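**Student:** From TrEMBL, for reference:
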DOMAIN    20-191  domain 'Large ribosomal subunit protein mL59'
REGION    25-52  region 'Disordered'
COMPBIAS  35-46  compositional bias 'Low complexity'
COMPBIAS  135-148  compositional bias 'Basic and acidic residues'
REGION    135-175  region 'Disordered'
COMPBIAS  160-175  compositional bias 'Basic and acidic residues'
Amino acid sequence: MATSVINSQHIRLARQLPRPLLNFFQRHPPGTYNTSASPSAAETASRLPASTPIPSLQTLQAAPHLSTTTNPPATPAQMAAISALYATSNPFLPWQNPLTSAWRAPRYSARHQQELYTLAKKEGVLSLLPESERHPEIKGRKREEQGLRVKGTGVGQKVKGREWERQLRGKQEMRRKAMEGMAELVREWKERGHGRGWKKWPK
């Protein structure tokens, strides 16, 4: 009874999601694919020769037929296994056929991935989407590790700035102290004959 209530609640909440997210979850239900942003070392070693570089996302989108090789025809069992691997792969990342070593471009473009991430973050279901270089958390970690493009804006860095910017905080502190002692300064000014005998005029 409790399980049916929970399932009905999940269905009701899912129907409130925007159409792009609903379409994505219908095609790729959470938990049915690899959510990692990069393949594991064992998986990469078993599928990719050591001398073969992994092409970038932009390269694969520009040439999805990249890295085709001439191999003997695959058996039905091999084709079924490859189809199962492809179905459970991350739809946001390029995928390499372990039999032919040919690469397939991601099933969702970079623009489409960004739109899905934006909607999922707004709806609070970002953790249900697979990871890629467009993922907000991954982008945030890279920004912290490498810093922004403007020098000095990373974590633990400091922008040099112009001379007046570097001296501004010290000057503001001097002005604050001068204003606090202004009453005493005016009293001393009047007592000494409006500045007679002062060696140095206050600023």
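Placed from the backbone N, Cα and C atoms, the Cβ positions cover glycine too.
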**Student:** What are the helix, strand and coil residue counts for the compositional bias 'Basic and acidic residues' (135-148) according to DSSP?
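**Tutor:** Split by secondary structure, the compositional bias 'Basic and acidic residues' (135-148) comes out as 11 helix, 0 strand, 3 coil.
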**Student:** What are the DSSP helix, strand and coil residue counts for the compositional bias 'Basic and acidic residues' (160-175)?
**Tutor:** 13 helix, 0 strand, 3 coil
